[in-house]
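Annotated in Swiss-Prot:
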type	residues	note
TRANSMEM	19-39	transmembrane segment
TRANSMEM	50-70	transmembrane segment
TRANSMEM	75-95	transmembrane segment
CARBOHYD	ASN111	N-linked glycosylation site
TRANSMEM	112-132	transmembrane segment
TRANSMEM	134-154	transmembrane segment
TRANSMEM	169-189	transmembrane segment
TRANSMEM	205-225	transmembrane segment
Amino acid sequence: MDGFDRSNAPVEYQRVEWISDIFVFGMGVCWLINYAGMIYTSLQEQTYSMAPLALCCNFAWEMVYGLIYPSKSRIEQGVFLAGLVVNLGVMYTAIRFAPNEWAHAPLVMNNITLIFALGVLGSLTGHLALAAEIGPALGYSWGAVACQLLLSVGGFCQLLGRSSSRGASYTLWLSRFIGSGCVVGFAILRYMYWSEAFNWLNSPLVLWSLGVFIAVDSLYGICLWNVKKYEHGQERSNARKAQ
């Protein structure tokens, strides 16, 4: 049974499908807020918010499952296409301002556009290869898992590497965390009420990935709070010295 084709869903799942659709809609709203927030932050602070490799992988995933292997759910398909459109702005601002973060590495700074292009191309072909290997329905989910791990770990490493809240905010963190949490919500419903197609969600690798996502994104919030606390302390100290 193909998890993409809801017309074959069992009666048990059809009864709770509206709840799943609420989670899908919530995922879309949160990620659109996140994308819009990243564009705004990039323009204000002249930097990028999402780690480049994660951004390329995520953008390519939306291309593959928004255009090439579209979902049969109109809500899900609408969410993916809306995300892809807004993500174009995220890509543009990232490419425009990324050189500001790489002045210490001229080879990277002078080839940002090429690096992003290769990142998207590599991710796009990778997602297509995965879909060809295990099928679009499973490729959609495992590709999303890869994107989420890159987003979580990449964002956390970027925060630690910058030792600054530049390009970060509580809004960006919470919208990403809650948006991905909504994915967990509808995945649980599909596993519980459509086990024939989604029994694989109980696999050790999926559960490990879920644990990494929750742990790393929770640590991100804690570290962001500490970084902002330090920055506020520095601002107060500098203000006192200026008096």
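Glycine is no exception: its Cβ is also placed from the backbone N, Cα and C atoms.
Below 8 angstroms of C-beta separation, residues 13, 48-50, 73, 75-76, 78-79, 82-83, 86-87, 89-90, 93, 169, 171-172, 175-176, 178-180, 182-183, 185-186, 189-190 of the same chain, each at least six residues beyond the ends of the transmembrane segment (19-39), sit close to that stretch. Among the stretches 50-70, 112-132, 205-225, the one making the largest number of Cβ pairs under 8 Å with the transmembrane segment (169-189) is 205-225.
Under the three-state DSSP scheme, the residue listed as 'N-linked glycosylation site' falls in the coil class.
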